[in-house]
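As recorded in Swiss-Prot:
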- Ala3, Val4, His5, Phe6, Gly7, Ala8, Gly9, Asn10, Ile11, Gly12, Arg13, Gly14: NAD(+) binding site (BINDING)
Amino acid sequence: MLAVHFGAGNIGRGFIGSLLSQSRYNVVFVDVNEKIVQALQQKGQYEVIIAGETTQTQVVRNVSALHSQHQQNEIIDQIARADLVTTAVGPNILPLISQTIAEGLKKRLTDRPVHIIACENMIGGSEHLKTYVWEHLSEQEQTSLEDKCGFLNCAVDRIVPNQTHEDPLTVVVEPFFEWVIETKEVIGNIPHIIGAHFVDDLQPYIERKLFTVNTGHALVAYLGYRKKYETIRQAMEDQDILADVTNALRESGRVLVHQYGWNEAEHQAYIEKIVQRFINPSMTDEVTRVARSPIRKLGPNDRLIRPAMKYYECFGEVPASLAKGIAALLLFDYEGDAEAVQLQQTIKESGVEGALEKYAKLPSNHPIVVEVKKQMLYM
């Protein structure tokens, strides 16, 4: 079996590529990083270090690589033969790789289906990718490929911090991972992927991850920044921050249990597992890296505003701990982050109310805005 994977970064190698190799795919990575591409071409394997209570080393074999700018024809040929095409490139890059994928699909001479899975930190990633790919196909080509190409939405979760090693291919990952794939668009048989979880409806899993992993990680980062901690682990050793994060995840968890019928005890166990992941001593992640892009994270459908709004809609109360996280985000003034600089400028010109109205789409008189402003007074 053949898988073409766009993105040979840490997530691509340490998560997606690793599982595909374990599932007996020959994995062809596609990337723009010449150093990584050459190393994969020369070695044909790399090491993934799983850092938990004990450390395990996994050798990922049967891999190769192609350069996304210099080897377009070869990439197209591989897509034409592939059983699976996956991505881990970032949402903004999906439009840039869509034409290459379209050209590969056009060259397919077989009726054998191909599944395409965008493993991005976004809702409906594969749906979006299909829209971009379809823009490069005629109506006749679209019709011909519709019953041969399944674009499967998914949710992915594994913490892979920034890192450097003597061998540029080596990557350290946490033991926990979750790859949930929706089956609605499967054509023929469900793809064979060891460790993946296939479900009929992805939405509950997307929101569970967003409201727990992403919400919790952001809270640790913004609260940790206020107290001048450098790493996520240092911040989690602060009992006040630990309490704030745990309380916020109980608030977001209450929404999930109410909305999707998750078992309350099971969801509490999930929260505890997520908190333990943040404490993992082997996963050293910088506070400023996790806190980056605060304007995006202040969006109405993102990790802080969405659970806070849902809580208010469901229960008619303002979630105090989530509001505290939003307050900490608004105080994130790290000069090395362009969005943080822009956010502080907006607050300076339009006030907290103006910033929340502009980026979070919250009216200035909303009870959440009132609570956030109150929380900021004590930080």
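Just so it is clear, glycine is given a Cβ too, placed from its N, Cα and C backbone atoms.
Locations of recorded Swiss-Prot features on the structure.
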| residue | record | CB count, 10 Å |
| --- | --- | --- |
| Ala3 | NAD(+) binding site | 28 |
| His5 | NAD(+) binding site | 27 |
| Gly7 | NAD(+) binding site | 25 |
| Gly9 | NAD(+) binding site | 18 |
| Ile11 | NAD(+) binding site | 22 |
| Arg13 | NAD(+) binding site | 29 |
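In the three-state DSSP classification, Gly7 (NAD(+) binding site) falls within coil. Arg13 (NAD(+) binding site) falls within a helix when secondary structure is assigned with DSSP.
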